[in-house]
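Here is what TrEMBL records for this protein:
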ACT_SITE  Cys39  active site, nucleophile
ACT_SITE  His102  active site
BINDING   Cys39, Asp249, Asn250  Ca(2+) binding site
CARBOHYD  Asn164  N-linked glycosylation site
CARBOHYD  Asn384  N-linked glycosylation site
MOD_RES   Cys39  3-oxoalanine (Cys)
Amino acid sequence: MGWGDLGAFGEPSKETPNLDQMASEGMLFLDFYTASPLCSPSRAALLTGRLPVRNGFYTTNAHARNAYTPQDIVGGIPDSELLLPELLKEAGYINKIIGKWHLGHRPQFHPLKHGFDEWFGSPNCHFGPFDNRALPNIPVYRDWEMIGRYYEDFKIDLKTGESNLTQIYLQEALDFISKQEASQQPFFLYWAIDATHAPVYASKQFLGTSQRGLYGDAVREIDESIGKILNHLQKLGISENTFVFFTSDNGAALISAPKQGGSNGPFLCGKQTTFEGGMREPAIAWWPGHIPAGGVSHQLGNVMDLFTTSLSLAGLQPPGDRQIDGIDLLPAILQGKLIDRPIFYYRGNEMMAVRAGLYKAHYWTWSNSWEESSKGINFCPGQNVSGVTTHTQEEHTNLPLLFHLGRDPGEKYPLSFASDEYQRAMERISVLVQQHKATMVPGVPQLNVCDKAVMNWSPPGCEKLGKCLTPPTSDPKKCFWPH
């Protein structure tokens, strides 16, 4: 989902009344970022509070490549990483993930081995359908075992876009909250729905209801579901004791827009890029009785901050034995304070850009290769900015391209290298970059090796369902990441 997909962020159709109300009752973050311009690394960052280059969710197979966890990936979240639910357990929390996990699908990476007590959802994206010979259909799990597969048992109609998965995920959330409230049990719910990821889907009652087509139908269903979750908390009388945060894992995928992708508002490009459209996210914090209603924050935030902020809410300290990149946002949320901190924009193993205050410096620019572009793969449709949205990897380390995001949120007008403003801003940013690089110890890359034998052929529980498939002979290879 993109920054420009919600009415509260200026989407012209104004079709998200529940999220807009959540914003009017809570706080809107205008400068909130993900830690990576695509799915798996940003989720790993959210749950560890650490940049993907530290927690292993990146590749060294080629320079500055976006890598994720498709079915044939061998790696996943390392045991050495401490995830938010593991730490919340120490304070007596029950933790549930609903929806997409995406931190590895092999047994050692199962979410219940990394702090979650319950899971309803899938290890991968809902791609398919597959023939179960060349590729298996993706499994859906309840807790330890699969209960079916996408397209076979959990239908998604690619012709009409109809699927009731969001309704299933909503019911799972409401039931989990009711159960924990009944036993006075503190809980953490990670509601990771994926209807706005291509192939986009919505349930029957939402199909054809949006001015924005199928993508808008999916957004409307997510919006209504979030309204029901917030109402449920209020009905149970626990809303003033429950912190809720809404955001996205990366910018809208313009490659599949407008039918299968959303809007990044005024920002440049989209998912897969380190321009603002790829990494600046819609974000709303809601906590009635604690967060002043109608707040708008210019605090620079990041999904990694949700790790540290959640620990702070639970009365816990972040682990002291490793570098944590997330900060505690509570002073910004509760007291309106502005915490000075940089944002680092990574693509794979490369720091591409840095934001400090209103200035953003690009040390590398790249949209995608000429080869990919010639196939019609376009991450910046209608937004070619000469020398910025480049199709070759361009290094600017000696003279970074600098933008003032207040005056120029679309990154169209680089500041003159000779200007005093450029010199002043770069003096400050250069120090931040030197400090960052001096202390950077990259983790072991998890997204280098692919092997068809590790796909979801025979997940736990397949025997009971008669859904075990025979894997091919193991043949590990370097994964190919084109962009």
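Cβ atoms are placed via backbone N, Cα and C, with glycine included.
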*Would you mind sorting out which of His102, Asn250, Asn384 (the recorded positions) have a C-alpha within 10 A of the one on the residue listed as 'active site, nucleophile'?*
His102, Asn250
*Among the recorded positions listed here (His102, Asn164, Asn384), which has the Cα closest to the Cα of Asp249 (Ca(2+) binding site)?*
His102
*Any further residue of that chain within 8 Å (Cβ to the Cβ centroid of Cys39, Asp249, Asn250) of the recorded Ca(2+) site*: Thr34, Ser36, Pro37, Leu38, Ser40, Pro41, Ser42, Arg43, Ser248, Lys271
*Determine, to the nearest whole angstrom, how far the Cα atom of Asn164 (N-linked glycosylation site) is from the Cα atom of Asn384 (N-linked glycosylation site).*
38
*Determine the minimum-neighbour residue: among His102, Asn164, Asn250, listed as recorded positions, which Cβ has the fewest other Cβ atoms within 10 angstroms?*
Asn164
*So which one is it: of the recorded positions Cys39, Asp249, Asn384, which has the fewest other Cβ atoms within 10 Å?*
Asn384
*How many Å lie between the Cα of Asn250 (Ca(2+) binding site) and the Cα of the residue listed as 'active site'?*
14
*How big is the gap, in Å, between the Cα of Asn384 (N-linked glycosylation site) and that of the residue listed as 'active site', rounded to a whole number?*
32
